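Participant: Swiss-Prot lists these features:
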TOPO_DOM  1-511  topological domain 'Cytoplasmic'
DOMAIN    148-402  domain 'ABC transporter 1'
TRANSMEM  512-532  transmembrane segment
TRANSMEM  546-566  transmembrane segment
TRANSMEM  596-616  transmembrane segment
TRANSMEM  621-641  transmembrane segment
TRANSMEM  660-680  transmembrane segment
TRANSMEM  763-783  transmembrane segment
TOPO_DOM  784-1193  topological domain 'Cytoplasmic'
DOMAIN    857-1101  domain 'ABC transporter 2'
BINDING   GLY893, ALA894, SER895, GLY896, ALA897, GLY898, LYS899, THR900  ATP binding site
TRANSMEM  1194-1214  transmembrane segment
TRANSMEM  1229-1249  transmembrane segment
TRANSMEM  1279-1299  transmembrane segment
TRANSMEM  1315-1335  transmembrane segment
TRANSMEM  1354-1374  transmembrane segment
TRANSMEM  1465-1485  transmembrane segment
Amino acid sequence: MSTANTSLSQQLDEKPWVDASDNSSVQEYQGFDATASHNIQDLARKLTHGSTNGDHHSANDLARYLSHMSDIPGVSPFNGNISHEQLDPDSENFNAKYWVKNLKKLFESDSDYYKPSKLGVAYRNLRAYGIANDSDYQPTVTNALWKFTTEAINKLKKPDDSKYFDILKSMDAIMRPGELTVVLGRPGAGCSTLLKTIAVNTYGFHIGKESQITYDGLSPHDIERHYRGDVIYSAETDVHFPHLSVGDTLEFAARLRTPQNRGEGIDRETYAKHMASVYMATYGLSHTRNTNVGNDFVRGVSGGERKRVSIAEASLSGANIQCWDNATRGLDSATALEFIRALKTSATILDTTPLIAIYQCSQDAYELFDNVVVLYEGYQIFFGKASKAKEYFENMGWKCPQRQTTADFLTSLTNPAEREPLPGYEDKVPRTAQEFETFWKNSPEYAELTKEIDEYFVECERSNTGETYRESHVAKQSNNTRPSSPYTVSFFMQVRYVIARNFLRMKGDPSIPLISILSQLVMGLILASVFFNLRKSTDTFYFRGGALFFSVLFNAFSSLLEILSLYEARPIVEKHRKYALYRPSADALASIISELPVKLLMTMSFNIVYYFMVNLRRTAGNFFFYWLMCASCTLVMSHMFRSIGAVTTTIATAMSLSTVFLLAMIIYAGFVLPIPYILGWSRWIRYINPVTYIFESLMVNEFHGREFECGQYIPSGPGFENLPVENKVCTTVGSTPGSTVVQGTEYIKLAYQFYSSHKWRNFGITVAFAVFFLGVYVALTEFNKGAMQKGEIVLFLKGSLKKHKRKTAASNKGDIEAGPVAGKLDYQDEAEAVNNEKFTEKGSTGSVDFPENREIFFWRDLTYQVKIKKEDRVILDHVDGWVKPGQITALMGASGAGKTTLLNCLSERVTTGIITDGERLVNGHALDSSFQRSIGYVQQQDVHLETTTVREALQFSAYLRQSNKISKKEKDDYVDYVIDLLEMTDYADALVGVAGEGLNVEQRKRLTIGVELVAKPKLLLFLDEPTSGLDSQTAWSICKLMRKLADHGQAILCTIHQPSALIMAEFDKLLFLQKGGRTAYFGELGENCQTMINYFEKYGADPCPKEANPAEWMLQVVGAAPGSHAKQDYFEVWRNSSEYQAVREEINRMEAELSKLPRDNDPEALLKYAAPLWKQYLLVSWRTIVQDWRSPGYIYSKLILVISSSLFIGFSFFKSKNNLQGLQSQMLAVFMFFVPFTTFIDQMLPYFVKHRAVYEVREAPSRTFSWFAFIAGQITSEIPFQIVVGTISYFCWYYPVGLYANAEPTDSVNSRGVLMWMLLTAFYVYTSTMGQLAISLNELIDNAANLATTLFTLCLMFCGVLAGPNVIPGFWIFMYRCNPFTYLIQAILSTGLANAKVTCAPRELVTLKPPMGETCSSFIGPYTEAAGGYFSTNSDGTCSVCRIDSTNQFLESINALFSQRWRNFGIFVAFIGINIILTIFFYWLARVPKGNREKKMKK
């Protein structure tokens, strides 16, 4: 029944939205806002306009509608006192249709108060354009700089029109309020771009100046600036906060769109809760109210329910114009139909204007649409009434095949290989997209459309729609909201609601704040124990300063990972901004406020324990000031890191920048480089460094006004025991000759240039920094739109791109309009399609034949069960079947019937549960160890490495999965053959890439199939939902491809979800499972599925209508479609049928006869893997190296971090002198060299996880290569890059610091330089192995990063720099000895500092007076000879003493002996080996499936 012939009353009565007894079904309702109060005259006009049966019929419809409305109470459903159960969303009798009618009548009762609004859209000459690159080359490490430089220069040049191409060619359309429009086209046709343009969501492309778009008189600028939430674009992806419940997610959206004019006495909370409940009841989500939304990694609602949450959230925005981009993705056809009915009802009753781009649209769904837009490569080839589109194209000369849906027919016209002209019209119909458009623009339908649009534009200019709409918009807004604002509630109300949502997120996953607080407490205990109970003496001055410095360092570091949560939330915040729910700045401010309690608890849990265990100044005032400054440090650094995150577009860039900034702040805080020793060029850094002011205040707070007993005197030791005090001096800076104490104030003044008067001043400066960075962060969030989405392009290697462009130029002959833009790879012209079809049928390489398969795989009584909540549940129940060469068997069933489970059981891929009964046989024999290598399994997900080309992916599979006896040339020839067979020649050298920049959906699916085919599966090919998520034409082409493979002798078993009649015709047999994994049918389909139809009709099914889709009819018959019920149990019908007996007899016959055939006794056929281990290892390692090489972002971010940090440290400590502070600085330069450790690991982890995902999801189950080859390849392939990085770091750090100069006196510059290079490169190799160890036993990157950070922090603390072995408590001494950094630092310091002379700076000399009658030589000489150091005699007779004269004395004090440098290097290398061994062990322990499920079954 077409839309044109459907009256309003029929829509309301014959297609009810909701079955009151089934709250789980998707019910028809969409969009609640002030548009509900349109007057009856508008409704009558629309009805009259839409009717094809005359005015009398329309009048009857209107009268009937008014009669229905008279029965509606028109009461407010929001006040909580709901007298009608049909209006209560929590009632089982809730009726969404009744609820909407009631709401409409309520609004009509006081239209002046509710101020209803509606919005249509019309456009003429609409053109969208972007950069003319539908193909580009993949940057590598060698050409990336050149590419980025040329792109930057091109941006600075005057725009060149030749660089742009039209995504949407000039087009015209009008969508009036109350009309539902569908947009049809193949992927890349411009459907998404059209919807984004209408929704004023044009970031990433441009709109032509000649384009005219009006929204009932409003311009796109008006919509973007003032009414953004009234015109929305809903993307096909589902992004939500995973730890927020469904109810909280929808109530949050409802609160932010709650209007001011919601009715008297109704508070916002009541209104929002009621609206959210209505939507949950309408879309069958009520039972999920308290369930987390979840995502791919967090358990939550199902994928289909998550899609419905997205739909409900978008609907709650109350938008007048809704642009839905493939919103039915992930929904089965019945649920999708219910959603479209909801859109239709929304348009009909509430006068909304929905547009939807949809794939695989059923006929029932299509008949609900008022208008249809058909796009072909960016050209609009039709716009008009949906009921007239088919007739238009048939009149053009195209044939619509029997049982093909209208939507599929319209879309198929844009596919040259699929469309079919009527006899006699072969030379008359248009062929190219431009010819189709020319035909359309010369048609009378187009002339009528342009006339209607022109009249609409004139009407918009005459009417005062803008002011009326503004009044309606302002009436909805809360108090203190600017009338020009697109938001419904005020800024501070937005902040309040987002704060509440953030607390709910914490409640949904309290583990994150709890673990953060507990980890801070544990780290406080561990770190404080290192400096435990410091004595109040001068020999603890360095350690006391080090303890304060590390507390600042830890508090600053604690906010670094906030960048990750910022990027995680950014897509959701951007979506909500487009829905006009709240400003990004409101979210920024709210996130800081909501996280403040957790931050304060974190600082308390660390700092309270740390402060008192270290024995810092124990007075209340000093403690609270310390805690105040540490909390301020956390806030300042949090705001700074957030600002960096807000100004960048990638996590890698943000983390690298943050690390360099943090490094600068630590070095110039005043401890690592005290102010007197900061070089002149860099003094400005300390003035803009907030950590400098914080550290100075903490040092003043600890030392000012205190006296410390001297811990060590000069001279001291044997012979000086009874020396009077006036003749000795304390060794500490700031000491006074003859005094037994040192003034703390004097010490920090002379050693650090810290002044007590700066204490509270610095606090004020810190607060100013916090406010400044807060303002910067909040402001930046408003302007950062994230990485710009590029158009769909295909990436090649640079050399391959040149060949591709030459080929494209030759085929297009310079005319961009002659075919696809810039040689677009998605489409071919008709001649190419025909030629390619003929070419591939013959095969391009006559010497290569498809593997002949004569073996038959069959199974009998297969039963599988899993344990769920301590209960064994049967998933498959005695399933029988077979797959023969040359046949395609379809595996169908309802969701949850066990289709994928059956595939996994048949292919031996089950990882849980037990096969309790049944046999799986090949030619009558049990499965052997080579079975998994003998099959191909095409998974539903297309999992590939993004930097691999199509040809490389196929070659990799062929090299490792084909027999090792076959030569490389033969394998390469076979790969070429499969490329031709799958019609992938045009993009064989293209990279897989990512969505938008790489292969499209169809090309990825073909590659997935190809990877399995090149393995030469001699037995059969499994395909799991190969058409899922594809448009109907792509699904059809995949099925044609399967048919071609079967015709070449391949046996195929394929699961498929509700196929069209055309797709069903490609299958030979059907195995249908009903709920519980029970067989309802197994047998031939027959021509037009007649054999299957006859079977069900024979056993009592209603006859199949001639025009019906047999698949959908069968689903209705067996009760597998939503809302349908079977007349009988078809499992029992099957088991008692003669057809079942025939199947059993055939299985028994095959077992008896086939088992007599000779078996393949080739020993290689029984191997678990086709290739030997060494070959697996080499190929996997090389692939990983190539992946890194083609990921210049990864390599350059690593290089930039290494070069910037090494140079920064090197020049900050530039040619440090060999005095007391200089030695200290050189040691801390080594310490700071290790600080970027965690960032190196954070950069590496995502790439490891990408490889692991491909291996574990696809390559491991197919026995491509072993787990040992995978982990070994990952480890060793990273080492060459680390050696290069270490070499660069060596030159950037070692020479600027000046350590090489210490080797000059002993003429050992070369030997010590080589050892230093080995040490530094070993450090970088260690970082990669540590990262791989952390991720080897963790599923999530965050957990691995946290583990690595914790281990790294402990290594730094116990390495002997901040606290030596003589200070570390005895309990922790094992941490010092088993710490790899201990030996590395000792080796680096001994190699860099040994055997050099020390000369104290003047401020480092201590002065003392010799006893009466003695000279400096006689008095101090014996001491310096025994203890080391040197002295000089001053003019006044006093002695100036430097306590050391050789770097070896300093090295001995920190246990870094030059004689042990090679031993220490060897120990550190051993730690690298331990990392590698543990990585392999933990990967095997945590990730490799153990045991043999076949053995378990036999037990």
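Any Cβ shown, glycine's included, is placed from N, Cα and C.
A description of the local structural setting of each listed feature is requested, covering burial, neighbours and distances.
Facilitator: Mean per-residue pLDDT, taken over the topological domain 'Cytoplasmic' (1-511), amounts to 80.
Beyond the ends of the transmembrane segment (596-616), by six or more residues, the same chain brings 506, 513, 516-518, 520-521, 523-525, 527-529, 531-536, 544, 547-548, 551, 554-555, 558-559, 622-623, 626-627, 630-631, 634-635, 638, 702 to within a C-beta distance below 8 angstroms of the stretch.
Beyond the transmembrane segment (660-680), the same-chain residues lying 6 or more positions past its ends with a Cβ under 8 Å from any Cβ of the stretch are 545-546, 548-549, 552-553, 556-557, 560, 637, 640, 644, 686, 689-692, 694-696, 699, 751-754, 1201, 1204-1205, 1208-1209, 1211-1214, 1221-1222, 1225, 1228, 1231-1232, 1235-1236, 1403.
Panel annotation: around the transmembrane segment (763-783), residues 573, 583-585, 587-589, 592, 628-629, 632-633, 635-636, 639-640, 642-643, 646-647, 690, 693-694, 697 of the same chain, lying at least six beyond its termini, place a Cβ under 8 Å from a Cβ of the stretch.
DSSP gives ALA894 (ATP binding site) a coil state; it is part of no helix or strand. Cβ neighbours within 10 Å of ALA894 (ATP binding site), excluding its own Cβ and spanning all shown chains: 22.
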Participant: Who are the long-range neighbours of the transmembrane segment (1354-1374) in its own chain, taking Cβ under 8 Å and residues 6 or more past its ends?
Facilitator: 526-527, 529-532, 543, 546-547, 549-550, 1227-1228, 1230-1231, 1234, 1380-1382, 1384-1386, 1453-1455
Participant: Below 8 angstroms Cβ to Cβ, which residues of this chain, lying six or more residues outside the transmembrane segment (1465-1485), approach it?
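Facilitator: For the transmembrane segment (1465-1485), the nonlocal Cβ contacts are 1267-1268, 1271-1272, 1275, 1315, 1318-1319, 1322, 1325-1326, 1329-1330, 1332-1333, 1336-1337, 1380, 1383-1384, 1387.
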Participant: Using Cβ atoms only, which residues of the same chain lie under 8 Å from THR900 (ATP binding site) while being at least 6 residues apart in sequence?
Facilitator: GLN940, ASP1024, GLU1025, THR1055
Participant: Six or more residues out from either end of the transmembrane segment (621-641), which same-chain residues have a Cβ under 8 Å from its Cβ atoms?
Facilitator: 551-552, 555-556, 558-560, 562-563, 592, 599-600, 602-604, 607-608, 611, 658, 661-662, 690-691, 694, 697-698, 701-702, 759, 762-763, 766-767, 769-770, 773-774, 776-777
Participant: Restricting to CB pairs under 8 Å, which listed stretch, 512-532, 1194-1214, 1229-1249, 1279-1299, is in contact most with the transmembrane segment (1315-1335)?
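Facilitator: Comparing 512-532, 1194-1214, 1229-1249, 1279-1299 against the transmembrane segment (1315-1335), the winner is 1279-1299.
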Participant: Between the stretches 512-532, 1194-1214, 1229-1249, 1279-1299, which one has more Cβ pairs under 8 Å with the transmembrane segment (546-566) than any other?
Facilitator: 512-532
Participant: State the count of C-beta atoms found within 10 angstroms of the C-beta of GLY893 (ATP binding site), not counting that atom itself.
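Facilitator: I get 24 for this one.
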Participant: Using a Cβ-Cβ cut-off under 8 angstroms and a sequence gap of six or more, which residues of the chain neighbour GLY898 (ATP binding site)?
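Facilitator: Expected: TYR864, ILE875, LEU876, LEU1073, GLY1076, GLY1077.
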